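Below is one structure, written out as structure tokens; comments come after it.
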Amino acid sequence: MDCSLLRTLVRRYCAGEENWVDSRTIYVGHKEPPPGAEAYIPQRYPDNRIVSSKYTFWNFIPKNLFEQFRRIANFYFLIIFLVQLIIDTPTSPVTSGLPLFFVITVTAIKQGYEDWLRHKADNAMNQCPVHFIQHGKLVRKQSRKLRVGDIVMVKEDETFPCDLIFLSSNRADGTCHVTTASLDGESSHKTHYAVQDTKGFHTEADVDSLHATIECEQPQPDLYKFVGRINVYNDLNDPVVRPLGSENLLLRGATLKNTEKIFGVAIYTGMETKMALNYQSKSQKRSAVEKSMNTFLIVYLCILVSKALINTVLKYVWQSEPFRDEPWYNEKTESERQRNLFLRAFTDFLAFMVLFNYIIPVSMYVTVEMQKFLGSYFITWDEDMFDEEMGEGPLVNTSDLNEELGQVEYIFTDKTGTLTENNMAFKECCIEGHVYVPHVICNGQVLPDSSGIDMIDSSPGVCGREREELFFRAICLCHTVQVKDDHCGDDVDGPQKSPDAKSCVYISSSPDEVALVEGVQRLGFTYLRLKDNYMEILNRENDIERFELLEVLTFDSVRRRMSVIVKSTTGEIYLFCKGADSSIFPRVIEGKVDQVRSRVERNAVEGLRTLCVAYKRLEPEQYEDACRLLQSAKVALQDREKKLAEAYEQIEKDLVLLGATAVEDRLQEKAADTIEALQKAGIKVWVLTGDKMETASATCYACKLFRRSTQLLELTTKKLEEQSLHDVLFDLSKTVLRCSGSMTRDSFSGLSTDMHDYGLIIDGAALSLIMKPREDGSSSGNYRELFLEICRNCSAVLCCRMAPLQKAQIVKLIKFSKEHPITLAIGDGANDVSMILEAHVGIGVIGKEGRQAARNSDYAIPKFKHLKKMLLVHGHFYYIRISELVQYFFYKNVCFIFPQFLYQFFCGFSQQTLYDTAYLTLYNISFTSLPILLYSLMEQHVGIDVLKRDPTLYRDIAKNALLRWRVFIYWTFLGVFDALVFFFGAYFIFENTTVTINGQMFGNWTFGTLVFTVMVLTVTLKLALDTHYWTWINHFVIWGSLLFYIAFSLLWGGVIWPFLSYQRMYYVFISMLSSGPAWLGIILLVTVGLLPDVLKKVLCRQLWPTATERTQNIQHQDSISEFTPLASLPSWGAQGSRLLAAQCSSPSGRVVCSRWESEECPVLPLHPGLPHKARYGCCRSSLEMPT
């Protein structure tokens, strides 16, 4: 054994097999293999405890504080707080410490509570009882004590305690059914298969007698991928090696169904299970708003440093004159006079930093997080986005990208299952040029369709009849369909009846396969079932044919085909293969290729999904060679997928073409309307699909991506066969630039309205040539730039024959182009996950191809039509709200701090604060925080119906329109202007002591309180003026926050607080309000402060209105006209009356406008004076108007 171990080490590290460290070896039942067997290096594995919590009782405080102070804003305010503690600063440490303490405490309580819930869930899971096999008997232990190598028994409706290799079940065929709803959301039953050599072990003693080792890959989070092999030792013979795949793996979290019990061996436990590995979140995506917010913070940080530096310099300039540095009432001590000048200057600089630090809003981060978290529920609560048929509603997997939904410039969408229903219906099949459709049967004979007779001029004959039946057998055998037989039931141990063809219900992860099997059933051949590795079909003579299933060459999106190897009762071995025409035709050496290709292209143009079917007969020697090739690839632990692909390539060649099938996939409801609305919103839509060009092109026309006026440009393999890639790209570039002229960012993002209507079609092979390096070793960047130049001048792009990674390449190419547009990817299948993860926003459609797309997406919706409301309504609102929140926070903090800066010029730069400590502390926490939070949750600047009806409003917020530098500078200067009004208005009004009742001048605290009062009123009323959508909650919060400020000030200044060391605010607020000039000053200053913003909005709405502002004006006029008496409406002019009569003439003298269904309703011409709402009346209900 030692020599064997040494040999293993030498081979592993000296013979180039170092990659083997990526695998693990497991002794089943902890039994070592017999003497002489291969030795393995023992490894240490974790126990089966699941720990999803982040903290423990001991490390919660230090770890949570460390995580929170990793955020730059929190760390910044911590530094400010420490500076206030260390040096003599003008403000109390409470002013910075209390807000920081509040933010840290709220976050810690929230995270602590969430972690406590995780602890409870972990304990319940770890203490769950599990049945082990130990010395041939069942032993019950807690789940956390399970170890790798233990043999476990799981009963029906129990959850698997760890990741298990399926050894056996009570079923004779060695299968079991599981549901994985807790893992991927799929509630359908999935079939898993036991190891071939262990499926007969039905008792504890049988399983305990097993001697085997399992070699498998190290843990990785992909739920649908697993590579391993099992070595079963029988006596002293060489071990039997069997491959292990995902069909043999039972995942922790899945539930056993319709199976009494199973036995399995633990291979991944605890935090190494796939379920635990999927706890880790996806890579963090950052929205454009968040990036802008961080940029603005840096700007304000620079302003803060500049203010502190200017005041420090001016302080020493001012103190340079005699007696200013040391007045008679504040003489310095000897030690103070001898202090280093630079040290004093640095200390003063820090003190000014503390004084002005409130320009950085500490509460903005908390408010933004609350707004995103609470706002995300508006999507999940939206009843319009709930699908009754599926019983599913939208899902929000992250709330960090809500506002990004309002910034999308490119949409990349899958076709099958996203634009289409993925509900396949068999239409026809073509066998050697003859076309067959269901139900065309006469006297038991299948007749060719009349539309296909002209393709050949003779009947099939005897040879054709054989090929015809061989074609139907190929369809019945080449698939992975399961049969749910109502007569057979689930009890396989009892007597079985022969299944009735009419009672068969087919189940498959691929709707295409179900449609094909059901289609040939209507043509006379019925697939019955797979039993004991034999496939049974019922032919048109009602005889049951049995074929032994020898091998399955599974489908993958790269090969685009699948095959089966079967053996008939007469001993003949066949390989049946079906797949895409581009995948089958190059491997065909015999058959009527031209006739079949012609029919395939015709069906593709009609939008049908096509597959080609071929076969070849294998000699026993050929089958043995194929078996050895497949077995070698299947048991490989390294590069198994690559080796299998090479083996498939060797086997699937020299085929005989049988024919082709056509399946219809209907377009989803309102898919065309959704794409049309998105294009009107200025969003470019690209379709990325694996289908052939003709099929995808027909779908694009059906969904209005391409129109009759669209000039299609092709960049396909067929085109490249005629010209070089360089020539094709330059020709296309000249074509699109001939009418487009110079390119702008608007043309790139699809927002240009004068773009020529070009459509581009590119296939996967052409994209590979564009993306790969040049033959001369130079970069292919120039090809990419040419390609992007063509794409940015096309209104729509179709990418066909795309592999999953190519979809992600396309998204990445556009995402990182020089314009950096915001991208969105939407799909429903596992092949769409790569592009969903690559795009700025990923949306999964909850479809029929599983939940992988929905699980890996940022948002999930039931149907493609729901994308319209998600972007045009929710995305629009989210962006408007969050951008206003960010700008408003900076604005109100400029208003807050700039008077403090101005005050230093009147107090000798002594760092005297203008506001009381309580006001400094509560300004951002209590007085001004709730109104903007409610605004950012509930604001609707235009109605929901208007946004859905007019998609062009989406253009007004495109390209981060509300957070550009121009808008940011406007808000900043507005804050500076208001601060100047507050400070100097109060200063000049109360500079003359005659305006007060008793002739005394206001003190600095009364002056500061007056400025603060005007400021709170102005910033709150500014928000009220910006509010378009009022509810009782808005009224309560806005006016309630003002009343709270007044009540607090009365209480704070009306009581002598014994715990305070000072009483400087006593009677200040009451004294201020008792002065008539103070009331006059408040009213005047608030009015002047709001005036510029009001004037700007009035002038812009009248002179340079945006589309949104025009819509708001129309809505305002409509609301007024609802109360206008009918007699006051403008009369119809003669010209308008004649026009109306001409348009509305009909034989009955009436015009009837019916309810809108699927086509555009003609809009009746109305007099300009009529209310705007009347324009849409005919679309809502039947309307009759006399001529």
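These residue numbers are counts, starting from 1, taken along the chain as shown.
For all residues, glycine too, the Cβ spot is worked out from N, Cα and C.
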D235 vs E321, membrane side identical per Swiss-Prot: no
Assigned conformation of G690 (ATP binding site) - DSSP reduced to three states: coil
Helix, strand or coil at F555 (ATP binding site) [DSSP, three-state]: strand
Closest-packing stretch to the transmembrane segment (89-110), where packing means Cβ pairs under 8 Å, from 297-318, 918-937, 968-989: 918-937
Contact between the transmembrane segment (885-905) and the transmembrane segment (1033-1053) (3 or more Cβ pairs under 8 Å, separation 6+): no
Interface check, the transmembrane segment (968-989) with the transmembrane segment (1072-1096), three or more C-beta pairs under 8 A: yes
Candidate with sparsest Cβ neighbourhood (10 Å radius) among D414, D828, D832, the listed binding-site residues: D414
Folded-back contacts onto the topological domain 'Extracellular' (906-917), same chain, C-beta under 8 angstroms, at least six residues removed: 89-92, 94-95, 311, 314-315, 318-319, 324, 348, 351-352, 355, 899-900, 923, 987, 1004-1005, 1007-1009, 1011-1012, 1052, 1064-1065
Residue pair D828 (Mg(2+) binding site), G690 (ATP binding site) - Cα distance, angstrom, rounded: 13
Candidates 62-82, 918-937, 1033-1053; stretch with most C-beta pairs under 8 Å toward the transmembrane segment (1004-1026): 918-937
Among T416, N831 [binding-site residues], residue with fewest other Cβ within 10 Å: N831
When counting Cβ pairs under 8 Å to the transmembrane segment (350-372), the leader among 62-82, 918-937, 1033-1053: 918-937
